[in-house]
Amino acid sequence: MGLQGCLLGLFALILSGKCSYSPEPDQRRTLPPGWVSLGRADPEEELSLTFALRQQNLERLSELVQAVSDPNSPQYGKYLTLENVADLVRPSPLTLHMVQKWLLAAGAQKCHSVITQDFLTCWLSIRQAELLLPGAEFHHYVGGPTETHVVRSPRPYQLPQALAPHVDFVGGLHRFPPTSSLRQRPEPQVTGTVGLHLGVTPSVIRKRYNLTSQDVGSGTSNNSQACAQFLEQYFHDSDLAQFMRLFGGNFAHQASVTRVVGQQGRGRAGIEASLDVQYLMSAGANISTWVYSSPGRHEGQEPFLQWLMLLSNESALPHVHTVSYGDEEDSLSSAYIQRVNTELMKAAARGLTLLFASGDSGAGCWSVSGRHQFRPTFPASSPYVTTVGGTSFQEPFLITNEIVDYISGGGFSNVFPRPSYQEEAVAKFLSSSPHLPPSGYFNASGRAYPDVAALSDGYWVVSNRVPIPWVSGTSASTPVFGGLLSLINEHRILSGRPPLGFLNPRLYQQHGAGLFDVTHGCHASCLDEEVEGQGFCSGPGWDPVTGWGTPNFPALLKTLLNP
């Protein structure tokens with residue numbers, strides 16, 4: 001049957017499933033560890049689904065990102081507004097008409113779009129959703145450390161073939177909420193405590209990265225920063241206040257969050273949510289801070305997708321966003337991963353600096369056709385974000401040089417090719433590293449990450465009014481690096497310059513200037529006879545374990561202040 005026949009029978013297609021296709025045949029649908037099914041959902045129960053509509057002019061968007069992010073370009077710093085982005089990527093009138101007609105025929109209620117018109121979230125009954133998406137079969141599930149409830153389909157869904165040019169994917173069917181990889185490590189053993197620190201606190205970070213008490217926000221600019229949380233976790237204002245009383249005495253700071261986007265639950269505080277807020281606000285001290293707190297908490301929604309939609313629906317946003325979220329690339333459908341990458345590209349075009357944690361599994365490991373390979377994570381592997389790895393002190397209780405934290409995520413994407421901005425640095429690493437794993441373990445031509453790093457080992461956090469020591473993970477290094485970039489933005493804004501925006505083209509052009517090069521240590525990988533648990537190793541210059549290195553704030557400020 002031709003396309004015209006499919007168009008004429010659109011409503012019939014909803015019911016019959018003929019002329020259909022699967023937008024996400026490669027999406028992993030196995031139940032994550034710790035989740036259990038509670039059985040089929042009631043047909044009259046309502047859920048919300050998110051429809052990702054096909055965008056336009058993505059090649060032009062990519063060109064504009066390069067132009068506004070490259071210091072050698074005359075367009076550098078001339079970021080697009082949300083309205084500019086909307087004019088560029090807005091779906092075609094035919095796409096908007098086709099999708100709205102299809103949803104209306106299925107009885108979808110209360111559909112909400114975003115300013116860019118490329119997402120549509122609609123409420124339907126389970127019965128309507130299963131008719132709309134043949135093959136889908138909705139079940140209730142519960143799992144995760146907070147016993148989260150979600151509605152998902154263990155079976156793939158189909159769409160009418162007529163919609164193939166118009167819909168990228170439907171969100172809210174398969175992907176489960178992520179779980180935190182943050183861990184509390186055992187306290188290292190030491191004899192005597194003279195001149196030693198007893199874990200990472202704001203004063204330790206400020207001393208290691210050479211910040212003075214004057215390196216804080218002015219309180220007079222419109223500068224702001226944000227962290228985003230998708231783990232059904234919450235921070236408590238009382239924990240933040242206690243943290244600043246304990247650890248914020250020697251620098252000016254703000255003791256409360258400026259704005260919470262999403263719902264702040266009344267349950268116990270989560271360690272990861274507490275960590276993000278406390279270290280973003282102590283590294284980026286005295287700067288207005290937003291928190292995206294599990295936005296879109298309805299059972300049918302995907303919180304990370306909801307966050308991306310919020311970015312597409314607000315004109316004025318914080319300049320720096322730090323995110324401790326990731327999934328294995330291989331667990332995500334090609335349609336989803338490419339579309340999320342486009343959303344990150346849209347943010348880069350607007351001059352937003354997005355920092356993502358590199359993950360806490362080293363190079364990762366999985367088995368492909370009976371052979372081990374390293375396992376990259378996303379969005380850490382996106383070419384449009386700045387990815388932050390992790391380090392430890394060489395001497396655990398002394399503020400000394402840093403070495404690799406063996407958990408630090410890093411490697412090479414199996415999805416995204418190596419972007420031009422990192423061509424020289426990655427080629428140099430591959431040709432000069434004396435400890436390169438066998439070539440069958442990684443895709444040497446892929447986007448390589450991380451880009452930078454910071455301390456990720458042994459943090460103090462206040463959660464539920466209790467100071468907790470030895471918290472570790474790249475969820476710690478990411479807000480620290482983000483806070484320091486916010487301080488640099490403060491100087492740029494006060495001197496009439498635009499904020500830093502998408503940092504990577506500049507970072508690689510400057511060959512890591514302003515960063516401490518981390519040259520010792522390797523991260524973890526596959527436990528087999530060939531690599532024996534060792535992934536990549538750090539060395540001079542850029543490497544896929546700690547990127548270009550960790551911040552030396554005065555030098556980094558000097559490097560990034562002009563133009």
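Our numbering is plain: 1 for the first residue shown, then up by one each step along the chain.
Heads up, the Cβ atoms here are built off N, Cα and C, so glycines get one too.
The following features are taken from TrEMBL:
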- 1-21: signal peptide (SIGNAL)
- 199-563: domain 'Peptidase S53' (DOMAIN)
- E272: active site, charge relay system (ACT_SITE)
- D276: active site, charge relay system (ACT_SITE)
- S475: active site, charge relay system (ACT_SITE)
- D517, V518, G541, D543: Ca(2+) binding site (BINDING)
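Nearest Cα neighbour of D543 (Ca(2+) binding site) among the listed active-site residues (E272, D276, S475): S475. The C-beta environment of V518 (Ca(2+) binding site), restricted to residues of the same chain at least 6 apart in sequence and closer than 8 Å, consists of T391, E402, I403, V404, A453, S538, D543, V545, T546, G549, T550. A gap of 31 Å separates the Cα atoms of G541 (Ca(2+) binding site) and E272 (active site, charge relay system). Per-site Cβ counts within 10 Å over the recorded positions D276, D517, D543 peak at D543. The C-beta environment of E272 (active site, charge relay system), restricted to residues of the same chain at least 6 apart in sequence and closer than 8 Å, consists of S180, L182, Q229, L231, Q233, S324, S475. The Ca(2+) site is defined by D517, V518, G541, D543, and by the 8 Å test on Cβ atoms against their centroid, the other residues of the chain that qualify are G512, T519, S538, G539, P540, W542, T546, G547, W548, G549. Rounded to the nearest whole angstrom, the C-alpha distance between D517 (Ca(2+) binding site) and D276 (active site, charge relay system) is 25. For S475 (active site, charge relay system), the Cβ neighbour count at a 10 Å cut-off comes to 33, with all displayed protein chains included. G541 (Ca(2+) binding site) has a Cβ environment of 17 other Cβ atoms inside 10 Å.
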